[in-house]
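Per TrEMBL, these features apply:
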- 65, 70, 75: oxalate binding site (BINDING)
- 68, 70, 75, 116: Mn(2+) binding site (BINDING)
- 20-170: domain 'Cupin type-1' (DOMAIN)
C-alpha cells in the first residue's frame, strides 16, 4: 500500500495523466537560487502505483539545489541548459565525494538515499530535468531538516555532532 487510494477506473479522465507548465521557468529569487517544479503523483494522479516521477530544476547563476536525499528513489538528471557541478557522498564508512561537471545534454545518476546536490557554475541560468524511480520519492533537505526541525533538536546534541560551538548552532537554527 502506497498510502494513496486508486481512483475508480470508471472516473478516470485524460487530465489524470497530464501536466502542463513544465516549460515555465521557476522563480529562483530565494536564498539558494533554485526552484524545483515537481511532477509527481500529487500533480498527475495517473502516476499512482507506476513508480515514476520527474522534476524541473531552475538555477540562478551560482544557485544550488541544496544537499538533500530522496529516501524512496534513485534520480537521473539531464542538463537542458547551462553547466552544473553535481555530486553525491557514498555511505559510511567511506563517505566518498563523487562529483562531476555537467554541460548541456549530459546525464548523471544519484543512487537512492545518498546525499547529493547540484550547483550552477555559470553566469547564466541553468535548467535540468530529473526523473525519479518513485511516484513519491520524498525529499529530505539536510540543512532544513537538521537546523529547522520543530521543535528544535538540542543545541548541545548538534554542537557535539558537528563539533562546533553552541552559538553557531543557535545562529543556524535562527536562519531556518
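Placement of Cβ uses the backbone N, Cα and C atoms for every residue, glycine included.
The 10 Å shell around the Cβ of residue 116 (Mn(2+) binding site) contains 23 further Cβ atoms across the protein chains shown. In this structure, the CA atom of residue 65 (oxalate binding site) is 9 Å away from the CA atom of residue 116 (Mn(2+) binding site). Sequence-ordered, the extra residues of this chain that approach the oxalate site, with Cβ no more than 8 Å from the Cβ center of 65, 70, 75, are 55, 68, 69, 73, 77, 110, 116, 130, 132, 137, 139.
Excluding 68, 70, 75, 116, which define the Mn(2+) site, the same chain contributes 69, 73, 88, 110, 114, 115, 137, 139 within 8 Å (Cβ to the Cβ centroid), listed in sequence order. Looking at 65, 68, 70, 75, the binding-site residues in this record, the fewest other C-beta atoms within 10 angstroms of the C-beta turn up around 68. Within the model, the domain 'Cupin type-1' (20-170) carries an average pLDDT of 97. Taking CA atoms as the reference points, residue 75 (oxalate binding site) and residue 116 (Mn(2+) binding site) are 10 Å apart. A Cα-Cα distance of 9 Å separates residue 116 (Mn(2+) binding site) from residue 70 (oxalate binding site).
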